[in-house]
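> Would you mind keeping the following structure in view while I ask a few things?
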């Protein structure tokens, strides 16, 4: 087998950058990748349509590729339509920035014919160990699907085609770490991680299948633009709609979908891994999700 299900293939992450500048109200993105994002890696492996509405990343034996948002944000919702790498795929985004916060969608490369696994993870002040994994109930390589992150003062919700697949509640008052002070940018990257990601490096990429292409379009960014003062982004205002009480928990319908995902598609939940945590699970594992 050339690649394995544990290979991390593509990561959309909200990644903290230590830039302190005053915050303004909600912004709706232009929909133009050339205006809202800049290429951070291998421009010759990043292809953007003439109208700026679609973008693809390429991974081959020469390089991976990536892009990041021009703005930083503190709370809001990000949606992006993605078509994933077909067939055997591998790679990852790696970041070694200290004290960072991250909210990650990670798409784990698969073996042809096997379902894709989506891994989500949350870093707070540089610490993670909060992985969850699900099998997708569709083939994400055949068409575009919408991947979303809602991040507010109450909760973080990961969604696929509006279906919530993961919740991380703000239990900071109970001593649980929650990203609520540091702004984040949006970073997307595709690159080879088979030296460590695939069964500890035992399974390698089959480069005869390259180049590997992931495609992106129809994104929206509705969030508080960071300018230096978090109180504007934390304020209860009409612009900061995501902080309203109606978004403090899931709706009745969303709860049903969430339970369905957990029951039929969950692969791994760190809150059930007693062996990993030596029977000392993190505090949030014993607290309500909604």
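Glycine too: its Cβ is placed from the backbone N, Cα and C atoms.
TrEMBL lists these features:
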ACT_SITE  102  active site, nucleophile
ACT_SITE  106  active site, nucleophile
DOMAIN    22-216  domain 'GH16'
CARBOHYD  110  N-linked glycosylation site
SIGNAL    1-25  signal peptide
> When a 10 Å sphere is centred on the Cβ of residue 102 (active site, nucleophile), how many other Cβ atoms does it contain?
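There are 21 such Cβ atoms around residue 102 (active site, nucleophile).
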> Within 10 Å of the Cβ of residue 106 (active site, nucleophile), how many other Cβ atoms are there?
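19, counting other Cβ atoms within 10 Å of residue 106 (active site, nucleophile).
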> What mean pLDDT score does the domain 'GH16' (22-216) have in the model?
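Residues in the domain 'GH16' (22-216) carry a mean pLDDT of 84 in this prediction.
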